[in-house]
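First up is the structure itself, then whatever we jot down about it.
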């Protein structure tokens, strides 16, 4: 009830144009698979949802509470591995596996929190990395449980039934699209609720000045752990979702340091500590890295006639550019940190504010 | 007994190289208060430089450090002047992210040029070893340890006895006071980052005959460098030297007595324990 009131209040605060636009986008997103059948387009959208979930989840602990965890692969991997191990070896359907993954991620977050939150600043960053690395190395070595470096490949997902009616058989990308969309909307909603609650104010107080917050009676360890737990739940959900969607996981793809860094970058590039920052970040990163991966950039360079497909440079670009999609992450983060410290969202806001004044 | 002695000695030998990596990171941290997350990637650049010098020009990896050291120094100085310097005094998180970004650019650029294939630099002595009282010692590791020791001694002399070295230490102790004493702290920062990069690059050159060379190798060494410097105490050069040797020994002993798959886990657990119970590190008080 309180939530509905709050929703009405904020929607009254924003302009009707913005509200209408928001509703239109939402309806458009739900109808999208009815108009677009291309599996590739759906795939891009699913990746976009996945990045949004990861970014929003990290935002709770990194953006609002100011604790830069660079070990979120730990929760992503916990979700992915729990779901896959249960499905592959115990034939437990993934939707229960997702819940189990959340449970495991919560336990992991409490352990990590109790170790790492005693440390501050750069030491916290290092400790979070160390814990994630321990998890990755364990997954590599516990071969009986995780199949080690070979990873886990699922052959088929059980049909999802309610009673006797088949809801979906997961044969196309459409069910994944809707699952991703719903989880993404859920994370955005939770972020919004956190931001507008007492909890959110506590988080932000801790971010601004830990000692001041502590002296005002905010228990640092309790609220940091709550923030981490919320963050871990959604990161784990994204991990489970990723595992079921891709159908294959191994330690380098779900538990590596690269994954942790990518999760942070989504947030940093969009703008940390804001609801829409991670969405913007995902909107920038996913198409860019996909364009590189599928060699669209190389094709574009050929079209502009800078170099031809047959020339030495052309062949080089065609062969190698696809492998370097992470390069764009590196360049983007350097540019963002140096020139737009508040992320793309903050930069846009600044530009529009200047225009308004001018 | 021989097994233990054997693993202790190989631990100390590889620990020498680790010390070099750790000292580089700790000098950068001491002078600039920036944690360099691109440290391992700088080491990786050094490895590729050595690889190219060996395959294209036939220069022995241990000889080529004469070329690698100045080049890597310039590379580091350039990075500092162009990027890191702009972040002086910014939030530590943002500094960390900037260096992560720079590291990503380095590793992916290398991947663009050389693909992600594993490269092997095999010299005539790569797998050679000699016997010392019943203990076999790998020749390339022994040579690299001697070079490391020489460089470390030279570095200590530079920092303790020369004016520039003392100015670097002064800047690390108190940046503002150093500035008031007429020390050009900007120049010291460039120098420190240059030296740190040169040390990482040298370490890369020294291990290139015994390790696989590939663009993503940096991450492992960045993490190891942190473990070493935190263990020794951030900013302490003696601490980093000690930390390097301890980590080298911990790795080789646990590889023998537990398993080589779990040796890095042992190192990280050790790291967490130090962070929890002695966050200032072994030599935390005396900075540099």
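From the backbone N, Cα and C atoms, a Cβ is placed for every residue, glycine too.
Values in this document were obtained by computation on a predicted structure and should not be read as measured data.
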Looking at the ranges A:131-156, A:261-286, which is given as transmembrane segment in TrEMBL? A:261-286
May I ask you to indicate which of A:12-34, A:196-218 is given in TrEMBL as transmembrane segment? A:12-34
Cβ pairs under 8 Å only, please: of the recorded stretches A:12-34, A:40-61, A:95-116, A:226-249, A:326-348, which one is richest in them relative to the transmembrane segment (A:73-89)? A:226-249
Which sequence-distant residues neighbour the transmembrane segment (A:226-249)? Criterion: at least 6 residues beyond either end, Cβ under 8 Å. 46, 50, 53-54, 56-62, 64-65, 67, 69, 72, 75-84, 87, 94, 97-98, 101-102, 104-106, 108-110, 112-113, 117, 151-154, 157, 170, 176, 179-180, 183, 187, 190, 194, 199, 203, 263
If one takes Cβ-Cβ under 8 Å and requires six or more residues beyond its ends, the residues near the transmembrane segment (A:40-61) are 32-33, 67, 69, 72, 75-76, 173-174, 176-177, 180-181, 183-184, 187-188, 190-191, 194, 203, 224, 227-228, 230-235, 237-238, 241-242, 245, 262-264, 266-267, 270, 272-275, 277-279, 281-283, 285-287, 290
Go through the chain and flag residues at least 6 beyond the ends of the transmembrane segment (A:12-34) whose CB is under 8 A from any CB in it; none is fine as an answer. 42, 45, 174, 177-178, 181
When you scan the chain for residues with a C-beta under 8 Å from the transmembrane segment (A:326-348), skipping those not six or more beyond its ends, what do you find? 258, 261-262, 265, 267-272, 274, 276-277, 280-281, 284-285, 288-289, 292
Beyond the flanks of the transmembrane segment (A:261-286) by 6 or more, those residues with Cβ under 8 Å of it: 44, 47-48, 51-52, 54-59, 62-64, 68-70, 72-73, 76, 188, 191-192, 195, 204, 207, 235, 328-329, 332-333, 336-337, 342-346
